[in-house]
Amino acid sequence: MSLFKARDWWSAALGEGEEFDQGCLCVGDVDNSGTGHDKVVVGSYMGMLRIFSPHTNKSSDGSVADAQLLEVQLQNAIIQVEVGKFVSCSELLHLAVLHPRKLSVYSVSGTAGNVEHGDQYQLKLIYEHNLQRTACNMTYGTFGGVTGHHSLCIQSMDGMLMFFEQDSYSFGRFLPGFLLPGPLVYNTRTDSFLTVSSARQLESYKYETLAVATEAESRQDPDLPLKTGSKRLTPDWTFVLGEQALDLSLPSFSHSSSSIFVLGERNLYCLRDNGQIRFMKKLEFNPSCFLPYASVTDGTTNLLLGNHTNMLLVYQDVTLKWAAQLSFVPVAVRIANFPELKGVVVSLSSDGHLLCSYMGTDPSFFSTPKVDAREADYEQVDAEMKKLQKFIREATRTQGRRLLGTKFLSFICSLSSGVGSSTLVAFSAFLNGRYPPADLTGDITVSYSSPTGVPRVLQSRFSLPLALVCALSSPAKTTKFKITVDTNQPPVNLNSIFPEFSAKSEDKDGNTLAFQFLSGAKVTVLASKTSQRYRIQSDSFEDMWLVVKELVQRFDQHFSKLGVKDFKKSFSGPLPLQEYFLSVDHHFQLRVSAQQYQDLLSERAVQFRAIQRRLLTRFKDKTPAPLQNLDTLLDATYSQVRHTHTHTHTHTHTLVPTLVIKKTWFLEVESFYTQSVDLQCESCILMIYGLPLFR
């Protein structure tokens with residue numbers, strides 16, 4: 001048995017197919033037994049209310065049934081349960097049950113039995129409130145400093161705080177700038193309410209401020225002026241968290257601590273009552289629930305924190321003191337005192353696993369057997385070490401191995417689950433649209449967990465083949481745009497640079513290659529026989545980029561394999577600013593035309609609907625009237641709508657590739673020109689139409 005494991009003291013499985021959440025668990029002396037021992041109250045989203053009094057009964061198989069005091073099926077789902085003094089003129093504890101549209105307060109009473117079945121418990125409704133708004137959560141306390149009983153505050157899904165004083169409704173206030181509900185808690189020390197807004201900040205509202213803020217009785221626009229004699233609701237203080245909060249808690253065991261604990265998605269915050277932060281703990285896991293439960297050392301607070309790796313952690317402020325393994329992910333955790341054991345940890349899972357456990361060690365009577373001492377065979381150990389090192393080197397080399405095909409890409413990644421083990425991941429690569437991509441490289445990220453539970457991430461970069469987006473074609477003799485790349489090495493055979501196209505090439509000398517893109521553009525590469533120059537030409541200026549980039553990269557790889565270290569490439573011609581401006585102007589004209597067609601289509605649609613309404617009125621009229629050529633006008637408008645829609649669709653599809661391709665193309669061209677060896681002018685970036693340019 002592991003040392004760091006929660007010791008199962010009592011457990012129960014609650015129903016089948018039921019769901020539970022953070023507010024579905026509470027502990028307290030709900031039956032007012034007078035002994036001070038707690039009972040466990042559990043409510044489910046299926047409307048089932050259960051009350052348990054756990055105790056150890058290992059000799060009997062029916063310990064769960066003996067511990068269950070009450071089980072009642074309510075009509076509505078149970079969002080939250082709380083135990084407090086919710087009845088006026090009574091010091092007894094009562095049970096408050098929050099439903100989506102109702103708040104009910106019950107009394108739990110037990111009657112001593114005269115037979116072996118034991119005591120009988122009854123649930124009696126004291127009062128209830130029908131809610132006009134859908135509830136999210138609630139809190140209770142001595143609002144306004146009133147002692148002797150507790151008041152209730154319910155937060156609705158649309159941001160209204162509804163206050164109830166026993167069996168009467170007090171008032172309701174809308175929170176400013178509300179979007180989604182967050183956790184809600186009452187601070188007795190400052191008589192204020194704490195919540196986390198959708199702006200991801202902790203906000204504090206005084207009860208007195210809420211009571212007098214008559215402007216917040218209805219949802220108001222913050223930009224509108226205040227009404228005469230009314231007051232707008234503003235928070236007393238705010239603290240920016242920067243993340244969504246899972247839960248809030250205010251320890252009530254020590255008034256000297258004055259701490260506010262906030263559990264975020266990645267951090268644990270502790271603040272003072274005035275909103276100043278005391279400390280923050282960055283969490284390396286995803287938390288699920290937490291509970292501050294004691295102050296062992298003066299000035300510090302102990303708290304329980306559950307996470308999604310089935311762990312229950314004990315922190316003293318930011319220091320981890322203990323870790324216990326659970327068999328489930330806890331969504332709620334409480335501390336309870338039972339007759340046989342004090343300080344029991346009560347945890348509840350989302351599927352109804354209720355566990356009462358304690359932390360510590362059990363005596364173990366297991367003794368390890370004696371092992372015969374043998375001398376180590378150093379030659380065998382050395383051979384095994386070399387074998388393992390060989391496996392590690394192979395795994396490192398094959399970590400980013402790529403298997404490329406025409407349309408499918410297979411990626412092999414060696415994981416640490418075993419020496420030399422690998423996992424094959426295959427996926428398809430295809431062209432999304434009838435236009436060439438801006439780049440053929442991609443990144444693969446593999447996330448996995450090691451056998452010890454440590455998260456690992458592997459990354460690798462791959463390149464898709466050029467044949468995936470183009471095919472070999474006949475060279476074009478006359479083109480509009482040309483780019484010349486100079487090198488300092490003798491000309492090479494283009495068939496050796498592009499071996500995947502050599503089989504279908506008509507030029508066996510390797511001086512000419514032409515690529516036909518799927519979008520229809522053709523790019524021709526010419527190698528000079530006498531000089532060290534290569535010319536790339538095409539009728540589409542932006543489509544030359546992919547071939548230029550691929551040619552330069554393959555030159556680097558080719559001469560690197562030959563051992564040439566001083567290989568240089570350059571562009572000595574003038575910058576093609578005129579071609580660049582033509583592309584930008586063409587893109588801008590497409591944008592203007594697309595917007596004009598969109599506006600024209602909206603006008604035609606409005607006209608078409610207006611004619612339809614008039615025709616419908618004529619057809620419904622009991623006394624027939626002439627159509628006055630409305631049917632002819634309807635047909636003509638319908639033809640105009642179809643014609644305008646065709647033009648809009650054409651311009652929109654033409655605009656998408658020019659928007660994506662041209663922008664990426666010129667960003668890469670900037671890098672190409674800036675790194676050119678023979679370029680003498682200084683390059684800088686201008687902004688025209690939202691695209692980077694050169695000067």
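Any Cβ shown, glycine's included, is placed from N, Cα and C.
Residues or ranges marked as domain 'PTHB1 N-terminal' by TrEMBL: 1-363. The domain 'PTHB1 GAE' annotation in TrEMBL covers 420-462. Residues or ranges marked as domain 'PTHB1 platform' in TrEMBL: 465-572. Residues annotated as domain 'PTHB1 hairpin' in TrEMBL: 574-649.
Across all of the domain 'PTHB1 hairpin' (574-649), the predicted model scores a mean pLDDT of 85. Broken down with DSSP, the domain 'PTHB1 hairpin' (574-649) shows 64 helix, 0 strand, 12 coil. As a summary of secondary structure, the domain 'PTHB1 platform' (465-572) carries 31 helix, 31 strand, 46 coil according to DSSP.
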